[in-house]
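What follows is a short report on a single structure.
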Amino acid sequence: MELRPLFMCFALCVVYATSKPTEKKDRVHHDEPLSNREHDDTENFDYDHEAFLGQEDAKSFDQLTPEESKERLGMLVERIDDDKDGYVTVEEMKKWIKHAQKRWIYDDVDRQWKSHDLNGDGVVSWEEYKNATYGYILDDPDPDDGFSYRQMMARDERRFKMADHNNDMKANKEEFTAFLHPEEYDHMKDIVVLETMEDIDKNGDGLIDLDEYIGDMYNQEGDATEPEWVKTEREQFSEFRDKNKDGKMDKDETRDWILPSDYDHAEAEAKHLVYESDTDKDGRLTKAEIVDKYDLFVGSQATDFGEALTRHDEF
């Protein structure tokens with residue numbers, strides 16, 4: 001039985017044993033940009049399309065006629081309107097954009113769900129996950145290389161319990177997503193920090209000192225000359241990471257390092273889309289308002305961007 005779910009579970013803290021000594025390991029979690037295209041609505045709406053739909057779906061809309069694009073957009077609006085009150089708020093738009101950008105996560109969860117919900121009851125219990133992931137090694141001694149699968153299982157169980165809101169040791173799809181991708185959920189951030197500290201803290205004092213910090217991202221392997229980026233990281237640790245200047249990073253300092261408060265691209269784009277489409281200026285969008293500005297949200301085979309932009313600016 002292969003341990004593929006195990007590797008996904010430890011994606012946040014995997015050790016790149018084959019990395020070159022001078023390669024830097026980055027433990028900081030940043031939100032990816034919504035699109036690699038320039039956001040300039042005076043030129044085109046490509047950025048908005050990819051932000052709203054995700055890159056792949058944006059391409060699929062480009063193959064549709066304007067009428068088909070409007071029809072499919074109207075169907076999407078009904079999904080975006082969470083509370084089904086007939087209006088799309090900034091918060092609902094933001095949630096949709098985040099979902100569109102993280103679709104690869106949900107695809108991964110769907111794949112793993114099929115191999116873990118063994119009895120098909122619509123939940124994944126801890127027993128199901130444990131048996132599917134560890135299976136035949138449960139009764140075996142620890143491997144000779146010293147890597148303890150039992151310790152890994154205990155760590156997985158702790159994370160599973162954190163994701164399990166109702167404490168029944170069974171995960172629905174949302175809880176299972178939080179278990180596999182804890183960095184995406186606010187209530188799972190503590191476990192991300194804890195696991196990271198456990199990986200780096202070699203002397204077991206519950207803190208990260210400078211040597212542990214550098215040792216986690218750089219393997220000297222007899223090379224007496226440190227790369228410049230290592231020297232820079234030493235300075236970063238002393239000047240910015242270690243805020244209380246005690247020579248070590250505690251839990252709060254580690255959180256500030258690996259989970260920085262980034263600019264919220266999804267919120268900014270949601271506000272932009274609502275502002276540009278809100279013809280009656282009530283701070284929310286109807287289906288008609290969105291579909292009427294379809295060229296802002298989605299692409300189509302229509303190539304006359306200037307005409308679309310003129311119609312867009314009339315509002």
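Glycine is no exception: its Cβ is also placed from the backbone N, Cα and C atoms.
The domain 'EF-hand' feature in TrEMBL is assigned to 68-103, 104-139, 151-186, 188-223, 265-300. Feature annotation from TrEMBL assigns signal peptide to 1-17.
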Determine whether the domain 'EF-hand' (265-300) and the domain 'EF-hand' (151-186) share at least three Cβ pairs under 8 Å, counting only pairs 6 or more apart in sequence.
-> no
What DSSP reports for the domain 'EF-hand' (265-300) is 23 helix, 1 strand, 12 coil
Helix, strand, coil residue numbers for the domain 'EF-hand' (68-103) per DSSP?
-> 26 helix, 1 strand, 9 coil
Kindly state the mean pLDDT of the domain 'EF-hand' (68-103) in the predicted structure.
-> 94
